[in-house]
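Structure first, then comments.
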């Protein structure tokens, strides 16, 4: 159990391998590199959101507005492209909007001291409303071919956006694991008061986490538009829950201070892989959310039981040195007393 708790990435990877091999027993065509790349392509949006959610959850916060942020950013991208702006300018404006939206969430939480769940529930409606005001409730269509080209395979069946997602994930994993910048996120989530005493600017760390989360939501909006080719008026709905679920599946603690980006990426891949397996098994699409939720609940229950067991073990080890082992005479006396008790009962 200790190995599982300390190696959540390996556990998530093992789950992915099992979910890849078992359906292959039903259909040998499923066991192919094409299947892996297809699932990865579908998982890119969720992976980007999981990276952002990781930053927020490490600081012991949560952002439920990220789906609305994704939709709002995708709408801005579509509106600007249809207005004649170039693709780089539209993408840059979209990224800035996402960062600003995340920054606003961070200000509400870190400076105004509003609980994260309450603040982001408010901005969830706000950003969704802005999105609908821009579109008038209509879909955005007629996006330029240059945007769709971003999702076209370029090497090993992976698109330019796919390679960008992989590089970004590795970069964020390195920043969190190897730099003081990343360690501040862990310190803030693990022990807020202790981090402050060590000189960590915890308010700025939390604002940075929400801002990065908003930037990742903007990138997810760009990927969504490039893959789909149009922007529905419900873009991003429900993605916030999937992003949080991916992080939890990958070992990110809801209590903050533990987990890795790699684990979150694997969790996002696993959730997307479930959808592909359901398609293979010809299970109706409306079962997807039910089964994904069932898997998440199972992981949460297992994770909770695992943490309780580890905490009991740690307490036992902590106080073991204060409990002296019984002497041979004490052990023999205890044995005789137990035998006499058994005779009396008999």
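Note that Cβ sites are derived from N, Cα and C of the backbone, with glycine treated the same way.
As the structure is a computational prediction, the values presented were derived from the model and not from experiment.
For reference, Swiss-Prot has these:
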- 13-33: transmembrane segment (TRANSMEM)
- 38-58: transmembrane segment (TRANSMEM)
- 71-91: transmembrane segment (TRANSMEM)
- 92-112: transmembrane segment (TRANSMEM)
- 114-134: transmembrane segment (TRANSMEM)
- 154-174: transmembrane segment (TRANSMEM)
- 212-232: transmembrane segment (TRANSMEM)
- 248-268: transmembrane segment (TRANSMEM)
- 283-303: transmembrane segment (TRANSMEM)
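For the transmembrane segment (154-174), the most Cβ-contacting stretch among 38-58, 71-91, 248-268, 283-303 is 38-58 (pairs under 8 Å).
Each of 13-33, 212-232, 248-268, 283-303 was scored by its Cβ pairs under 8 Å to the transmembrane segment (92-112), and the highest score goes to 212-232. Against the transmembrane segment (212-232), the recorded stretches 13-33, 38-58, 248-268, 283-303 differ in Cβ pairs under 8 Å, and the greatest number is found for 38-58.
Distant neighbours of the transmembrane segment (38-58): 66, 70, 102, 116, 151, 158-159, 161-162, 165, 168-169, 172, 176, 185-186, 188-189, 208-210, 212-217, 219-220, 223-224, 227, 239-240, 242-244, 246-247, 250, 252-254, 256-261, 264-265, 267-269, 271-273, 275-276; these residues of the same chain sit at least 6 beyond its ends, with a Cβ under 8 Å from one of its Cβ atoms.
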